[in-house]
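The annotation active site, proton donor/acceptor is assigned in Swiss-Prot to E125 on the grounds of similarity to another entry. Taken from Swiss-Prot, the feature dCTP binding site applies to 98-103, N110, 115-118, 123-125, Q144, 157-160, Q164. The site 'Important for bifunctional activity' annotation in Swiss-Prot covers G112, W113 and is backed by sequence analysis.
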Amino acid sequence: MILSGKTISEKLTEKELEITPLTEEQIQPASVDLRLGPHFVTIDDSKEAVISFERPIRYREWTTSDETIVLPPHTFLLATTMETVKLPNHLTAFVEGRSSVGRLGLFIQNAGWVDPGFNGQITLELFNANRLPIELPIGRRICQLVFAEVTGEVAPYQGKYLFQKGATMSEIYKDAF
């Protein structure tokens with residue numbers, strides 16, 4: 001069952017669910033809006049001839065103190081949320097792009113699942129589908145988390161992205177076959 005904004009607020013008040021920092025305006029009727037953080041990562045294409053699942057990829061990462069970042073046309077970028085999210089073992093969340101943002105041609109995430117027990121910042125996969133650059137304001141609401149109850153017993157998330165801070169690079173090379 002999808003949680004209502006009222007239920008989300010109650011779980012936040014009871015510290016059953018934690019999202020920090022958070023303002024009341026971010027809580028929506030059935031979701032929580034998350035804001036764009038200042039940390040970014042992109043594949044360093046000057047050092048990579050091909051992207052492989054079998055080895056680490058070299059990335060370029062930076063944190064900006066600017067108020068905006070410009071995403072060039074047809075460009076992929078990893079970003080992070082300002083907020084840190086801590087889910088209990090009985091809740092899961094879906095990361096969804098905000099409709100108003102998507103209508104500008106900015107695609108947000110293609111791996112939008114947050115497992116029960118996750119604790120960390122959310123890495124966002126951003127893609128500018130336009131022929132024009134998009135100026136992204138740091139601190140602007142960019143995506144939303146939709147929460148759902150998980151039935152039955154579940155082991156908390158213990159994966160490689162637990163406690164991630166900032167935009168986090170792919171670690172698919174660590175996966176077992």
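Backbone N, Cα and C atoms are what each Cβ position is placed from, and that goes for glycine too.
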Across all protein chains shown, the one of the recorded positions G112, G117 with the most other Cβ atoms within 10 Å of its Cβ is G117
Among G112, W113, E125, i.e. the recorded positions, the one with its Cα nearest that of Y157 (dCTP binding site) is W113
Other C-beta atoms within 10 angstroms of the C-beta of R98 (dCTP binding site) total 19
Simplified to three states, DSSP reports L124 (dCTP binding site) as strand
Cα of L124 (dCTP binding site) to Cα of W113 (site 'Important for bifunctional activity'), in Å and rounded, measures 11
Closest by Cα to W113 (site 'Important for bifunctional activity'), out of the recorded positions R98, V101, E125, K160, is E125
G112 (site 'Important for bifunctional activity') to R98 (dCTP binding site), Cα to Cα, whole Å, comes out at 13
